[in-house]
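Colleague: Supplied in structure tokens, the structure appears directly below.
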Amino acid sequence: MTQISERFLVQAHLDAKQPKALSPEEQAHYRAAIAAELKKQDAVMVAHYYCDPVIQALAEETGGCVADSLEMARFSNNHPASTVLVAGVRFMGETAKILNPEKRVFMPTLEATCSLDVGCPVDEFSAFCDQHPERTVVVYANTSAAVKARADWVVTSGCALEIVESLMDNGEKIIWAPDKHLGRYIQRETGADMLLWDGACIVHEEFKSKQLEDMKALYPEAAILVHPESPEAVIELADVVGSTSQMIAAAQRLPNKMFIVATDRGIFYKMQQLCPDKIFIEAPTAGNGAACRSCAHCPWMAMNTLERTLQCLREGGNEIFVEPALIPNAVRPLQRMLDFTQAARLRQAGNA
């Protein structure tokens with residue numbers, strides 16, 4: 001299975017670097033100009049929780065949304081705007097286009113990818129699936145349009161447990177891709193029969209259980225929130241394991257005043273916005289410097305800058321295109337996910 005080269009990761013960090021930090025006045029100029037372009041072009045901006053805070057704030061103040069990948073997809077699908085600007089990584093832009101082929105979809109950069117996507121090339125994955133034709137193919141949203149088109153179901157970390165549990169109840173055996181840590185977590189929680197692809201997120205794989213234990217000893221009153229893309233030893237230390245939205249909800253719900261958070265630090269913008277009286281601490285990674293591959297912030301998410309956002313709107317560049325032949329097969333597993341989660345919401349509302 002495909003391994004991510006260190007050279008590729010280094011290049012991602014270099015590409016994410018700003019030539020210079022923007023002053024508050026420059027930031028205000030870019031934000032006003034982007035807001036005007038969005039209005040002029042009948043466009044709405046959706047941003048992921050892992051983008052830099054200034055990008056998340058811009059999406060909110062222009063009538064867009066900041067969300068996890070599931071809600072980004074749902075919002076893009078339901079919003080009446082004719083153009084969608086996706087601040088995130090490439091698979092998110094592709095997902096918006098698959099669900100809205102009639103809309104124009106742009107991204108600040110097309111170079112913003114994902115180690116999970118890159119580590120699951122469609123030719124290798126299709127060959128793997130062909131070896132096990134009796135199994136239901138479930139892929140994480142962090143995959144290319146071509147891989148989604150090979151799948152029976154697409155899931156996010158927010159709905160993966162429930163969907164796999166439902167498939168297991170139907171007696172189905174599963175191929176899971178690409179995140180092995182999330183796959184193992186689901187396997188442990190559900191007992192499902194799953195064959196796992198060997199992929200990992202460069203951010204979450206860096207969290208270390210020993211250092212997390214040491215940090216917990218320093219802050220015994222803190223609750224530990226962990227994303228399920230993290231290694232098993234880190235997950236075992238968690239008070240709450242969940243998707244980005246589930247972690248944010250836990251921060252609001254739990255009485256703790258302090259939280260140690262094992263996910264991309266971009267999420268702190270929304271956590272601090274919703275819980276201004278609480279303290280959030282980054283869970284420890286391999287450490288800063290040469291030993292640190294992500295330092296708890298995705299280098300590709302960091303490529304979504306104000307300059308690139310304005311440039312893409314003004315020049316009409318970085319438009320997302322998905323091969324038309326892929327769309328019918330790719331939309332099917334995505335729509336299954338949206339239908340399943342919508343039905344679950346209605347059931348939950350009925351039981352409230």
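Using N, Cα and C of the backbone, Cβ positions are placed for all residues, glycine too.
According to Swiss-Prot:
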type: BINDING; residues: His48, Ser69, Tyr140, Ala141, Asn142, Ser157, His227, Pro228, Glu229, Thr244; note: iminosuccinate binding site
type: BINDING; residues: Cys114, Cys201, Cys298; note: [4Fe-4S] cluster binding site
Colleague: When you rank Cys114, Cys201, Cys298 by Cα distance to Asn142 (iminosuccinate binding site), which of the binding-site residues ends up on top as the closest?
Modeller: Cys114
Colleague: Can you count the other CB atoms that lie within 10 A of the CB of Cys298 ([4Fe-4S] cluster binding site)?
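Modeller: Cys298 ([4Fe-4S] cluster binding site): 27 neighbouring Cβ atoms within 10 Å.
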Colleague: Looking at the binding-site residues His48, Tyr140, Glu229, which ones sit with their CA no more than 10 Å from the CA of Cys201 ([4Fe-4S] cluster binding site)?
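Modeller: Those near Cys201 ([4Fe-4S] cluster binding site) - Cα within 10 Å - are Glu229, in sequence order.
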Colleague: CB neighbours of His48 (iminosuccinate binding site) within 10 A?
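Modeller: If we count other Cβ atoms within 10 Å of His48 (iminosuccinate binding site), we arrive at 26.
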Colleague: In whole Å, how far does the CA atom of Glu229 (iminosuccinate binding site) lie from that of Cys114 ([4Fe-4S] cluster binding site)?
Modeller: 13
Colleague: How big is the Cα-to-Cα gap, in Å, between Cys298 ([4Fe-4S] cluster binding site) and His48 (iminosuccinate binding site)?
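Modeller: With the alpha carbons as reference points, the distance is 12 Å.
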Colleague: If you measure Tyr140 (iminosuccinate binding site) to Cys114 ([4Fe-4S] cluster binding site) at Cα, how many Å is it?
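Modeller: Cys114 ([4Fe-4S] cluster binding site) has its Cα 12 Å from the Cα of Tyr140 (iminosuccinate binding site).
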Colleague: Cα-Cα, whole number of Å: His48 (iminosuccinate binding site) versus Cys114 ([4Fe-4S] cluster binding site)?
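Modeller: Taking the Cα atoms only, His48 (iminosuccinate binding site) lies 13 Å from Cys114 ([4Fe-4S] cluster binding site).
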Colleague: How big is the Cα-to-Cα gap, in Å, between His227 (iminosuccinate binding site) and Cys114 ([4Fe-4S] cluster binding site)?
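Modeller: Rounded to the nearest whole number, the Cα-Cα distance is 16 Å.
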Colleague: At its widest, how many Å does the recorded iminosuccinate site span between Cα atoms of His48, Ser69, Tyr140, Ala141, Asn142, Ser157, His227, Pro228, Glu229, Thr244?
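Modeller: Max Cα-Cα spread across the iminosuccinate binders: 17 Å.
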Colleague: Need the DSSP three-state call for His48 (iminosuccinate binding site) to compare against my parser.
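Modeller: Strand, per DSSP.
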